[in-house]
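Before any comments, here is the structure.
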Amino acid sequence: MLPRKREIVAGEVEDLQKKTRAGEGEATREEGDAAMAGRGNEIDEDLHSRQLAVYGRETMKPLFGSNVLVSGLQGLGAEIAKNLVLAGVKSVTLHDDGNVELWDLSSNFFLSENDVGQNRAQACVQKLQELNNAVLVSALTGDLTKEHLSKFQAVVFTDISLDKAIEFDDYCHSHQPPIAFIKSEVRGLFGSVFCDFGPEFTVLDVDGEEPHTGIVASISNDNPALVSCVDDERLEFQDGDLVVFSEVHGMTELNDGKPRKVKNARPYSFFLEEDTSSFGAYVRGGIVTQVKPPKVIKFKPLKEAMSEPGEFLMSDFSKFERPPLLHLAFQALDKFRTELSRFPVAGSTDDVQRVIEYAISINDTLGDRKLEEIDKKLLHHFASGSRAVLNPMAAMFGGIVGQEVVKACSGKFHPLYQFFYFDSVESLPVDPLEPGDLKPKNSRYDAQISVFGSTLQNKLEEAKIFMVGSGALGCEFLKNLALMGISCSQNGNLTVTDDDVIEKSNLSRQFLFRDWNIGQPKSTVAATAAMVINPKLHVEALQNRASPETENVFNDAFWENLDAVVNALDNVTARMYIDSRCVYFQKPLLESGTLGAKCNTQMVIPHLTENYGASRDPPEKQAPMCTVHSFPHNIDHCLTWARSEFEGLLEKTPTEVNAFLSNPTTYISAARTAGDAQARDQLERVIECLDRDKCETFQDSITWARLKFEDYFSNRVKQLTFTFPEDSMTSSGAPFWSAPKRFPRPVEFSSSDPSQLSFILAAAILRAETFGIPISEWAKTPNKLAAEAVDKVIVPDFQPKQGVKIVTDEKATSLSSASVDDAAVIEELIAKLEEVSKTLPSGFHMNPIQFEKDDDTNFHMDVIAGFANMRARNYSIPEVDKLKAKFIAGRIIPAIATSTAMATGLVCLELYKALAGGHKVEDYRNTFANLAIPLFSIAEPVPPKTIKHQELSWTVWDRWTVTGNITLRELLEWLKEKGLNAYSISCGTSLLYNSMFPRHKERLDRKVVDVAREVAKMEVPSYRRHLDVVVACEDDDDNDVDIPLVSVYFR
């Protein structure tokens, strides 16, 4: 059984609810004002690091100065406001003139039953403020006037009549400067967005991608000129792109910085719309870089756009005719609400018919745009569920609209132009719903019941769900599941596991966490917060990593009891493992992921779709070791090398020293046994650390850092260029220093150079830490004292050496080369090490430093950025600031709240289908979306690959079972009856039987499980009744046949 955490969580929930009601832990308005006043344009890089990786400082600063209005605080408005507060705008003003109803609890996670009867906006203010004290959150109640809008940079309306929207949009469109106007609605399983950012809106960066670059190999003197690039990496240029050139030798006319147009772009070449016939002949070198000019977009005001909408932004091309119909449907609903002052009643035939009639009458006025056919069944679904704001739809559209507000305030990314319509009518149950099943039950789920019926609601509440991960995706999922009522009955259960703890950088997206949760387990805190949203949620919070090592926790009984699995993971290895378990136990897996403004979802449904592991992205291309260590040509190479050197000097070598000191005999014996270049290098580093480079004072650390600077950035470069002078030729007669290689030059040290001095001080501080030496305060910032300390270091003159071997083979995997006398050298080093160790004080040990990217006070990134930038200076590569260095060296995954919210909303729309059952593969949807462009690509999942043999067929989802505790011979005969000749049977990594081995025939009459216990040393857990074996088979024509896993049941 799983460890129960219910009692702990429930107690924590009660405390948190008391705090919330008492207002504890929440910012007062005065505190909010103070936070705002103190913030200015300062960006908390620890908090916003993942967001900065998406937007950059140039976007965050105008965003931090923006005031936004969100009108309509049902679920959609709450989601938009949440995303904006997390993004860090200057202020968010909430407007709603309605009061909280029980109905609202289906989609607004800020509200509870205690808020019923209060104004919606006022009920949300304090909880929204708690998400980010640097954002000023306030409420505006009562009637909204045009004059109210003038103080905002962007206004969002989620529940407004069309006439009023047109009035407000006209004001915003003609205002100077224009106010960005967004109208968005979620009506049941249907949603819409309209954007108007004014007569002319300038987009500063249309896609957020880094400008593409190429390394030039040749340029023709022609019209147009043919530009060829090195074949290290494919070019990403497209026809019509603008590019600039730099560092071109010979044809220097191209270095003028003038943007030139690309045409006929190919993987490694393109033509340039330029006559270079009179230019100088190309000699060598050259970098070509994409130029991304600003784009001006002219928006139509809403009134004009309603009658002339232009092209709709598509999402699902199987519904190509759907957007014009939904454009009509939303107008018909608006007319119904205007005339009757209410929404249609769910299941009411009369109300549905009236909406359809309105749609037909509006359609008759459209002239050339009149629709030939109107799908009345679709309009029935639309009208019947239109009052409901469903949580998954609110989450999805909250992400989309939140991102559009960021675009409006910053000019970053291409705006949505201008209408977007979406529906997920496939989420409805397969069987028709009766009107009685849609009636409200005075429940917090009434809105959801009005769309899906009470039968599905009961299934949701009794669901047994396993959610893996409780970070950014996990927080969104927990909020969604709690609002949907998933696992909220006595029979339901939601298990969430995550072995990670909360860090400050999580807080800008993982909104269930607060400052005071830093250091606590993510799963426990998230589960506690989810139970505040819905106290009836039955949740178990675990801190176990789901992996082969924890199959005693997540055992067969656990998996067999599940209804679905939701992944909220951030790495492929874990995803692959969970996918394999879902295939094995035949459980639906709902998969999703984000990368900056991009997100994707994948549905893995037993027997209907392919599994996650069936298709994988190609692995990222790794730079050759010789490129990173001797021939870098971009900053990524420099940073890869910098992190490697950091770990070698400050973590691996001190760890090696401690390994030797803890057990010298064992360590020396292992070095002798290995007897290779790696063992030799390790011994040399340990001796250096304990002898020549041993530090006893902080000045020793300064000396070490200064000499390392000279070694890395001067001596090694001098040796490299001595071995390979600038005019060197390869064995084939080509210049050695040709693209992509860049000829390096040594860096001359100067203590008056702040970047050089800062690097040496940071390196000295970390070196002192490894030796446990107290750090002088004056060393923490560059100053005169620090410069004097560095300048007093005596630096020996460098003398180049003959015969030094430098690895140039791109296929080499090691920089160390074996030598015939390695064993003799190792013996000398061991003798030296034993001698050195006698001089060490008793109890001496070192303190290895493990790289931590998210602490700006620990000097780790100062060292890595310094390493990389000095290296870049050697090779004339553009340098980067510490923040950019952190993104690359720290391998930070760019992340923002908006794409995360959208992904989880889409997944939860699929969860309705998975839990309802009975849906066909064509009802499910996989999605790839990029909110930056914006692009929405929605398609049916791919069915699993089917293998056929004679009259049999199977897929990855099938598992063959054999009962009766059979022998190996009986298993072979069982397969023979299927027309399959088995020649090999294995269990895990052990071979139980192979027809080629005569001795294996002695095993044929033994039980399969007994052979596995003996050969594979396998003990089958007491809770498991079967053993899995992999069988290799051939047909009668000796063709291999891949068969499913075979489970032999023996008890």
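We count from 1, first residue shown onward.
Cβ from N, Cα, C; glycine included.
The compositional bias 'Basic and acidic residues' feature in Swiss-Prot is assigned to 1-32.
Residues or ranges marked as region 'Disordered' in Swiss-Prot: 1-42.
Across the repeat '1-1' (56-194), DSSP classifies residues as 60 helix, 35 strand, 44 coil. Annotated repeat '1-1' per Swiss-Prot: 56-194, in sequence order.
Confidence over the region '2 approximate repeats' (56-605), given as mean pLDDT on the 0 to 100 scale, stands at 96. Look at Swiss-Prot and you will find 56-605 tagged as region '2 approximate repeats'.
What Swiss-Prot records for 453-605 is repeat '1-2'.
Residues or ranges marked as ATP binding site by Swiss-Prot: A472, D498, R509, K522, D570, N571. K522 (ATP binding site) falls within a helical segment according to DSSP.
Residue environment of C626 (active site, glycyl thioester intermediate) contains 16 other Cβ atoms, counted within 10 Å of its Cβ in all protein chains. Among the features that Swiss-Prot reports, active site, glycyl thioester intermediate is placed at C626, with the record citing sequence analysis.
Cβ neighbour count for D570 (ATP binding site) (all protein chains, 10 Å cutoff from its Cβ): 17. Of the recorded residues, D498 (ATP binding site) and C626 (active site, glycyl thioester intermediate) place their C-alpha atoms 39 Å from one another. For K522 (ATP binding site), the same-chain residues 6+ apart in sequence whose C-beta sits under 8 angstroms from its C-beta are S470, G471, G474, D498, D500, V501, I502, N506, Q510, F513. Between N571 (ATP binding site) and C626 (active site, glycyl thioester intermediate), the C-alpha separation comes to 28 Å. Of all the Cβ atoms in the protein chains shown, 26 others lie within 10 Å of the Cβ of A472 (ATP binding site). Contacts of R509 (ATP binding site) defined by a Cβ separation under 8 A and a same-chain sequence distance of 6+ are given as R50, Q51, L86, A472, C475, A895, I896, A897, T900, in order along the sequence. Summarising the environment of N571 (ATP binding site), the number of other Cβ atoms within 10 Å of its Cβ, over all protein chains shown, is 10. Cβ neighbour count for D498 (ATP binding site) (all protein chains, 10 Å cutoff from its Cβ): 26.
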